[in-house]
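These features come from Swiss-Prot:
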- M177, L178, Y202, F203, R259, G281, Q290: ATP binding site (BINDING)
- 57-160: domain 'THUMP' (DOMAIN)
Amino acid sequence: MNKLLMVKYASEIFLKGLNKNKFEKILKHNIATALNGVKFDFVFDSGRWFIKGEDLEEVVDRVRNVFGVAEVCIVTEIENDFDTIKNQALLAVKESGKGTFKVETNRANKGFPLNSMDINREVGAYILKNNDEVKVDIHNPECLVNIEIRKKTYIYSKRIKGVNGMPYKTNGQTLLMLSGGIDSPVAGYMMARRGVEVSGVYFHSAPYTSERAKDKVKDLARILTKYIGEMTLYVVPFTDIQMQIIEKCREDELTIIMRRFMMSIACKIAEDKGMESVATGESIGQVASQTMQGLVVSNDCADRPVFRPLISMDKIDIMDISRKIGTYETSILPYEDCCTIFVPKHPKTKPILGQIRKAESVLDKEKLINDAVEKMEVIQIKND
């Protein structure tokens, strides 16, 4: 009798046809990466993955956060002996401490002499006979006893939800515009959850923003590596660009012109590093630069797709996800970033593209962008 972790992967993977094996292979690699430093072995039995390890609680905590994992269950592995199956199912109900139960069987091993309905009926009757404190509830049981009969039998009563999604690094690359706020880390998480490899770019305005602000962004990236393993963070010096904009452009146009520079720089880095897209944490109408007109004007600088996974979400929903993934408490630390300094009193909310292009024509945009990219710092962030 052994305790193992059974891994059920996202149903989308089953829909990949001839590519399913590729997705499974990458998911298995990602699970192994998540378990770095933990002693474990993979066991495969008739279409199910199992993990054998010394510290299953630690294994559960790591594997449940791997994109592509739908569910994990700590199972008891036993021989295909019906008396043993009945006794182990009885024990599972007793250990649950619940008052109602139901038995569900998946008989993948068609050589087993009883079919699934017979197993459910006989095991349920055995539990009732040997435990007078419980009763059957087939519609809403407090304890669901799952029996999977394969080369061996696996019994479990507790399911732990995974994060679902697609296996990481199966769907291209994006450069996330990562600030120190609540939104952009959530956007990065949501892109990664769809299998997109995520790197980050942070615009640093020293000395107006402190090293603590930069450290905060590094900490946010590190939290994301809990889900993606590692992340490259590009830190771009942005002060010279901001000073030029402040000196030569109208105050009410500062924000949108700064956003256009950020977009241009992000696209240049993405091109240089072979990334197909840029991602942001923008949500329509949330701030002055995120009106429909503002997004159109900033998008004008993009030479590749710009993904905004939060575009239609309310702030409260974004905050809920931020708490769930563990970035919220870091995001609300009171360190200013380049987006919160030099904010005009009355920024334009309906910028006109032609006017903004004309306004920034007084700047040597190409030189400013190239200088910033040339001076950028590259930091590798890994899951500790």
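Glycine is no exception: its Cβ is also placed from the backbone N, Cα and C atoms.
Mapped onto this structure are the features recorded in Swiss-Prot.
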| residue | record | contacts (Cβ under 8 Å, 6+ apart) |
| --- | --- | --- |
| M177 | ATP binding site | S184, G200, V201, F203, M262, M263, A266, V278, A279, T280, G281 |
| L178 | ATP binding site | S184, P185, G188, G200, V201, Y202, V217, L220, A221, L233 |
| R259 | ATP binding site | S289, G294, S298 |
| Q290 | ATP binding site | E282, S283, I284 |
* **All-chain count of other Cβ atoms within 10 Å of G281 (ATP binding site)** => 25
* Asked: Counting across all protein chains shown, how many other Cβ atoms sit within 10 Å of the Cβ of F203 (ATP binding site)?
  -> 27
* To do: Average the per-residue pLDDT over the domain 'THUMP' (57-160) and send me the rounded value.
  => 96
* Please find, for M177, L178, Y202, F203, R259, G281, Q290 as listed binding ATP, the greatest distance between any two Cα atoms, in Å. => 18
* Structure fact -> By a three-class reduction of DSSP, F203 (ATP binding site) is assigned strand
* Asked: In terms of DSSP three-state secondary structure, what is the assignment for Q290 (ATP binding site)?
  -> helix
